[in-house]
Amino acid sequence: MDLKEACGSEASRETESGGMGSLGGHSSWQSFAHRSTLHGLRFIFPYSSSSSSSSSYRSTSRRLLWSAALLASLVLLVLESTERLAYFLSYPHVTSVDAVVSGSLVFPAVTVCNLNAYRFTRLTQNDLYHAGELLALLDVHLQIPEPHLAEPHVLAFLTEKSNFTNYRPKPFSMREFTERVGHDLKEMMLYCRFQGQECSHQDFKTVFTRYGKCYMFNAAEEGKTLRTTMKGGTGNGLEIMLDIQQDEYLPVWGETEETAFEAGVRVQIHSQAEPPFVHELGFGVAPGFQTFVATQEQRLTYLPPPWGECVSRALDSGLFQVYSVSACRIECETRYIVENCNCRMVYMPGDSPYCTPEQYKDCAEPALAALSAVEGTNCICRSPCNMTRYNKELSMVKIPSKTSARYLEKKFNRSEKYITDNILVLDVFFEALNYETIEQKKAYEVAGLLGDIGGQMGLFIGASILTLLELFDYAYEVVKERLLDLLNREEEEESHGEDVSTCDPVVNHSESISHTVSVPLQTTLGTLEEIAC
């Protein structure tokens with residue numbers, strides 16, 4: 001056997017045995033397993049300080065049992081941790097409901113719309129010329145379409161106003177027409193009280209909706225404070241008596257968007273921060289009845305994605321300062337009509353020109369109907385993250401009673417039949433002086449996830465975060481030791497090559513002596529350099 005190879009293999013064995021960092025003949029992994037806080041690891045890789053340890057400590061069957069137990073615990077830990085992580089990534093939420101007693105509450109905005117948008121007797125000849133076909137009062141030839149269905153006084157009025165011989169039409173605006181011909185609250189309102197104090201039509205703000213000209217009580221206006229209420233129950237809210245003026249309703253000879261088959265008013269109770277959306281969110285109040293509306297304020301808080309689907313930012317169009325579902329719907333309708341018809345309807349915000357009656361009939365109303373059919377895809381309006389809603393409970397009684405009919409006839413100079421057909425009373429009040437909070441909360445957060453996984457680690461393998469740090473620290477030390485060992489080997493190989501080259505003549509001399517028989521075969525070995533040389 002060549003002396004160089006023997007010396008090289010011996011040196012490598014010495015390096016390997018020293019590189020493991022063993023103590024007392026044990027591997028570094030056994031030492032780590034003995035010191036580790038990971039339960040069961042020291043029984044799988046036993047470590048004993050003396051060679052006379054009991055055989056049961058190193059029993060193969062015992063090690064296999066501990067290995068199976070640790071493996072099963074690791075599998076259960078992975079399964080449970082995966083389930084907890086999947087639950088966390090589903091972003092669950094819970095909803096909490098609470099009732100809060102308050103000393104006072106801001107009274108909601110109350111929007112009232114007559115179901116008839118335009119007063120018949122306020123129509124002018126110019127109105128009929130431009131909007132007669134839109135209102136279904138005249139046909140495309142500006143003629144009365146169904147004269148046999150009209151009452152005598154209605155037919156006489158239309159016959160007079162629809163004579164357009166030598167008529168020169170004047171400019172026409174749908175906004176001005178709606179403002180002028182819509183029902184006037186000053187004429188409709190017979191009395192008004194808020195918390196027992198008298199109020200008037202001046203306490204209402206004019207707004208425009210799909211029903212035309214409407215009126216909002218307790219609107220948010222600059223320079224005015226919102227009304228509050230200190231008590232709940234009837235008499236501590238808004239009470240108004242209205243005359244719906246059925247004599248002014250447009251005659252119905254066909255189905256159009258501008259004519260109504262019902263009689264009464266449409267009412268919406270809403271927050272001052274959101275615009276009225278009466279045609280969808282309002283409720284009807286019929287004449288001949290006093291309607292009591294007991295309401296309760298609800299303050300809702302929703303979570304943003306990924307836990308929920310609420311929206312907190314304002315609309316990009318800038319038409320409304322505060323985001324709400326109603327504002328989003330109106331903004332969507334406005335954008336759709338402007339894009340398709342190059343105009344906007346009277347109730348729509350913005351600076352685009354108002355649609356003409358022809359654009360209303362030929363474009364805006366059909367486009368709005370088409371949008372409503374596919375609104376789920378074109379108008380996606382999510383709930384705001386914070387909103388105020390009002391629950392309502394309605395009840396009603398008939399008016400007038402037989403005993404009060406004479407008095408009301410005398411007071412309002414109207415017959416009992418007129419009162420039954422036209423007069424209504426609306427009473428809006430808080431059911432109690434408290435509000436309800438409905439709040440979405442995160443059901444599972446990072447702290448809960450870490451707590452669950454930490455609990456599973458402690459239960460199954462008796463580990464903690466520090467145990468994981470132990471594993472990482474051991475892996476770091478092993479990698480570092482291997483790298484240092486590799487570098488030392490390279491340096492030794494380089495230095496070994498240099499030493500061999502310096503003793504080449506001696507090698508030749510030894511080779512010449514090796515042929516001498518008198519050289520003993522068993523020579524005492526010297527240092528590594530002597531052997532190599």
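Cβ atoms are placed via backbone N, Cα and C, with glycine included.
As given in Swiss-Prot:
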COMPBIAS  1-16  compositional bias 'Basic and acidic residues'
REGION    1-23  region 'Disordered'
TOPO_DOM  1-68  topological domain 'Cytoplasmic'
TRANSMEM  69-89  transmembrane segment
DISULFID  C113-C214  disulfide bond
CARBOHYD  N163  N-linked glycosylation site
DISULFID  C310-C385  disulfide bond
DISULFID  C328-C381  disulfide bond
DISULFID  C332-C379  disulfide bond
DISULFID  C341-C363  disulfide bond
DISULFID  C343-C355  disulfide bond
CARBOHYD  N386  N-linked glycosylation site
CARBOHYD  N413  N-linked glycosylation site
TRANSMEM  446-466  transmembrane segment
TOPO_DOM  467-533  topological domain 'Cytoplasmic'
> Got a sec? Which of these disulfide-bonded residues, C328, C341, C355, has the most Cβ atoms within 10 Å?
Replying inline: C355
> Compared by Cα position, which of the disulfide-bonded residues C113, C328, C381 is the closest one to C341 (disulfide bond)?
Replying inline: C328
> Rounded to a whole number, how many Å is the Cα of C113 (disulfide bond) away from the Cα of N163 (N-linked glycosylation site)?
Replying inline: 32
> Under an 8 Å Cβ to Cβ limit, what residues of the same chain, 6 or more beyond the ends of the transmembrane segment (446-466), are close to it?
Replying inline: 37-40, 70, 73-74, 76-77, 80-81, 84-85, 88
> Checking the recorded positions N163, C214, C343, N386, N413, which are within 10 Å of C310 (disulfide bond) at the Cα level?
Replying inline: N386
>> Nearest of the recorded positions to C381 (disulfide bond) by CA-CA distance, picking from N163, C332, C343, C355, C363?
In response: C332
>> Given the disulfide-bonded residues C328, C363, C379, find the one whose Cα is closest in space to the Cα of N386 (N-linked glycosylation site).
In response: C328
> Around N163 (N-linked glycosylation site), how many other CB atoms lie within 10 A of its CB?
Replying inline: 12
